[in-house]
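Colleague: According to TrEMBL, the record shows the following:
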BINDING   B:91-98, B:104-105, B:Arg141, B:195-198, B:Lys206, B:222-223, B:266-267  substrate binding site
ACT_SITE  B:His92  active site, tele-phosphohistidine intermediate
ACT_SITE  B:Glu195  active site, proton donor/acceptor
SITE      B:His265  site 'Transition state stabilizer'
Amino acid sequence: MASSVACLHAASSIQAQGFKGSSTGSPNKIGAFPLRMVLKGFSLDVPLPERKGNCPRSLNLHVVRSSSSQSSIADPIELPSNSNSTDSQKKSTEASLILIRHGESLWNEKNLFTGCVDVPLTKKGVEEAIEAGKRIRNIPIDMIYTSSLIRAQMTAMLVMSEHRRRKVPIIIHKETEEAQRWSQIYSEETKMQSIPVITAWQLNERMYGELQGLNKQETAELFGKEKVHEWRRSYDVPPPNGESLEMCAERSVTYFRDQIVPQLLAGKNVMIAAHGNSLRSIIMYLDKLTSQEVIKLELSTGIPMLYILKNGKFIRRGSPIAPSEAGVYAYSRSLALYRQKLDKLEEMFE
Amino acid sequence: MASAATCLHATSSIQAQGSKHVFPLQMVSKGFSLDMQLRAKRKNFPASLKLHAVHASSSHSSIADPIEVPSNNNSGDSEKKSTEASLILIRHGESLWNEKNLFTGCVDVPLTKKGVEEAIQAGKRISNIPIDMIYTSSLIRAQMTAMLAISEHRRKKVPIIIHNENEQAQKWSQIYSEETKKQSIPVITAWQLNERMYGELQGLNKQETAELFGKEKVHEWRRSYDVPPPNGESLEMCAERAVAYFRDQIVPQLLAGKNVMIAAHGNSLRSIIMYLDKLTSQEVIDLELSTGIPMLYIFKNGMFVRRGSPIPPSEAGVYAYTRAAATQHLDGFSLKLRKLHHNCIFQCLD
């Protein structure tokens, strides 16, 4: 554990408790104690080791991520601690990937099976999207992918309305030649200030076939409780005329691999706003989960999940903390530097 | 005037002041006033109010035709069911490019936080007006406006976006419960309701456009009826496809008694208003529909009657205003109609 350290710039949101005086009652001594942030179903363990002499104002953090009831562990960050490294490292192979599951929809509220029926968000779902946006306002985003359903698209737009960078998300229209022509932008500078938003049915929620629109009670009466449970919780048994989780995973992971990974490899920071099943399929791919593990995986609504793609590997960074909460902000050096730049920019305009 | 009475169901927002007397009510808003008379309560007429509605615009000469319905004491719901339907028009609020002063046209730019607020406020104003179908454009700012406005609606039916783009989309979005379908409001997206396409000006800021093309040219494109910007639409072209769609797709619904809401854009909506109010091309150029303020029309006996803008619930009643109260309530919208054909009967208060 001692060898893998990440040297991070101290960000203002880190409340360095016990830095100058710890709860143990011995001032000026920094003890090692683990910080534990527990989020809905996801926890982040950050032990603070003793302060080393030659590391100036930065904290040495050893970050290990574990999920609570799930069996996957992402690899710890391996960065050569190099005080002189600048942006060049970031430019090489690092990119952020944010996953956001949309919040409450009007049929969630009514307890109806939704699937691919295009139902919008409730007021609560709108709130959840705004809150999610606050959590990721400092993480760079160059491209957005979303499904063809309005609840995911609205979530993406509301999230971006909180973003600090002020680039404008623009939905790309390619459904017909006319749509493409009609939505053309004629200013290069404006294009540079845009974040393309690509809608893809492959990121849609799992299609629930003949259960769509039925409430959970009448479905149990119609088909029997065990059958319904099997459709909902198995990996490869589809409801009548619907998709199994396996089928959903196949089309969403294929899309992710073919369309989104190349963007990340090119260094683009990507956000995906989608649905429970399409996102857990992608997480299954990122974290190399088994089908048994993915069934138990629950991604919280409205809480963004951050991954870093580095040197071809996906590292789960957990869920960015809301601004009012104490905790670690910088998940990597480049993100810390990025945030510094944003801070400077804001100062200039104040 | 005595014979013209309309039977409307009393809703909670009508303050039935002095229902036993006849007195003129005048609602004055910025440039628009609504005259109503509450007739004496007839004996056999249960709890509903009879309203005689006459509209006048302030300094402008237009009057929508008064409603002519045979006053029938025994009339119950049957009168309403015959040929009356509500039509609500909502222009979306501030978009991210409005904020940046860029020509938007058909580029798919989302709402700002202010635009989101405007949609919610608009929704509060129409929360009591029945809606059976929603039409919107293919651009997210109008779709979000529709969804946010409906989230305030009292009726609690669920808007569902219809997907007809291909066979799979149609199949995947099917609902399998009749009762759920009955509790749904179909939302139809149509490119024909899109904003006027601004061609080579899309994405340019208003300043650089003036530098590139010259101030007068730009003014001509923006304010003429039939001169399109390069590779773009004139207002005439926009009106052609928007009104054709309205006539062919939406009017039949109104004729069938369906209450319709259209959430769209400045130019597509003013084109429709030009059709509803029989404006000339000169008049429509001067027409400005306020953002986020719903405009209500009643479709009755094949005629469109403009009802103005519903008042938000926090203010006194929708249709029943005393003269005194009216002068205090200046609704924030500005519907400017100049030199209209209709006769001006009532004096307009400023």
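Here the Cβ of each residue, glycine as well, is placed from N, Cα and C on the backbone.
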Colleague: Tell me the coarse DSSP state (helix, strand, coil) of B:His92 (active site, tele-phosphohistidine intermediate).
Modeller: coil
Colleague: Of the recorded positions B:His92, B:Glu94, B:Trp97, which one sits closest to B:His265 (site 'Transition state stabilizer') when you measure Cα to Cα?
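Modeller: Out of the listed candidates, the nearest Cα belongs to B:His92.
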Colleague: Sort B:His265 (site 'Transition state stabilizer') into helix, strand or coil using the DSSP assignment.
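Modeller: Reduced to three states, the DSSP call for B:His265 (site 'Transition state stabilizer') is coil.
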Colleague: Looking at the binding-site residues listed here (B:Gly105, B:Arg196, B:Lys206, B:Gly266), whose Cα lies nearest to that of the residue listed as 'active site, tele-phosphohistidine intermediate'?
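Modeller: Result for the residue listed as 'active site, tele-phosphohistidine intermediate': the nearest of the binding-site residues is B:Gly266.
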Colleague: Using all protein chains shown, find which of the recorded positions B:Glu94, B:Glu195 scores highest when you count other CB atoms within 10 A of its CB.
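Modeller: Ranked by Cβ atoms within 10 Å, first place goes to B:Glu195.
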Colleague: Measuring Cα to Cα, how far is B:Trp97 (substrate binding site) from B:Glu195 (active site, proton donor/acceptor) in Å?
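Modeller: One finds 14 Å between the Cα atoms of these residues.
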Colleague: Could you state the whole-number distance in Å separating the C-alpha atoms of B:Lys206 (substrate binding site) and B:Glu195 (active site, proton donor/acceptor)?
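Modeller: So the alpha carbons of B:Lys206 (substrate binding site) and B:Glu195 (active site, proton donor/acceptor) sit roughly 17 Å from each other.
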Colleague: Among the recorded positions B:Arg91, B:His92, B:Glu94, B:Glu195, B:Gly266, which ones place their CB within a distance below 8 Å of a chain A CB?
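Modeller: Out of B:Arg91, B:His92, B:Glu94, B:Glu195, B:Gly266, none lie under 8 Å of chain A.
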Colleague: Counting other Cβ atoms within 10 Å of each residue's Cβ, which of the recorded positions B:Arg91, B:His92, B:His265 comes out lowest?
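Modeller: Result for the recorded positions B:Arg91, B:His92, B:His265: minimum number of other Cβ atoms within 10 Å at B:Arg91.
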Colleague: How many whole Å apart are the CA atoms of B:Gly266 (substrate binding site) and B:Glu195 (active site, proton donor/acceptor)?
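Modeller: Answer for this pair: 7 Å between alpha carbons.
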Colleague: If I restrict to non-local contacts, at least six residues apart, and a C-beta distance under 8 angstroms, what lies near B:Gly105 (substrate binding site) in its own chain?
Modeller: B:Glu195, B:Arg196, B:Met197, B:Tyr198, B:Gly199, B:Leu201, B:Gln202, B:Gly232
Colleague: If you draw a 10 Å sphere on the Cβ of B:Gly266 (substrate binding site), how many other Cβ atoms land inside?
Modeller: 18
